[in-house]
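Q: Mind looking over this structure? Questions follow.
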Amino acid sequence: MVRTMLQGKLHRVKVTQSDLNYEGSCAIDQDFLNAAGILQYEAIDIYNVDNGQRFSTYAIAAEPGSKIISVNGAAARCACVGDTLIICSYVQIPDEQARTHHPRVVYFEGANQMKRLAKSVPVQVA
């Protein structure tokens, strides 16, 4: 059996640009991509914390150190400048490997400041 598992996550980044007329994709600071292990042109799912929209696109690299998160093309209708996003990539791996798999989770605060890197999502408690 093959399972689809969380591979990389950018948690609570802020949209810095939104360009309806760009040909598509989501431009992400190359440093952020590296931290989460997301490759340029890799499929990503985006979850907008502010409006509940969930959509899929692909990642393209923005200049390292720029802190850019630019939602482009048709997806620009799903996110406005200042919105808080969760950006995820997934990997398909055999069941045996899935049981010991650890994602790369990057937490952000403020104006796209990387806060910390983790290898798991915290257990939710009551």
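Each residue, glycine too, has its Cβ placed from N, Cα and C.
It should be emphasised that the depicted structure is a prediction, and the values quoted were computed from it without experimental measurement.
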Q: Going by the substrate site in Swiss-Prot, where Gly73, Ala74, Ala75 are listed, which of the candidates Thr57, Thr84 is also part of it?
A: Thr57
Q: Rounded to a whole number, how many Å is the Cα of Ser25 (active site, schiff-base intermediate with substrate) away from the Cα of Ala75 (substrate binding site)?
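A: The Cα atom of Ser25 (active site, schiff-base intermediate with substrate) is 8 Å away from the Cα atom of Ala75 (substrate binding site).
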Q: For each of the recorded positions (Thr57, Tyr58), count the other CB atoms lying within 10 A of its CB, then report the residue with the highest count.
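A: Top count of Cβ atoms within 10 Å goes to Thr57.
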Q: Which residues, sitting 6 or more apart from Ala75 (substrate binding site) on the same chain, put a CB under 8 Å from its CB?
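A: Long-range Cβ contacts: Gly24, Ser25, Cys26, Ile46, Phe55, Thr57.
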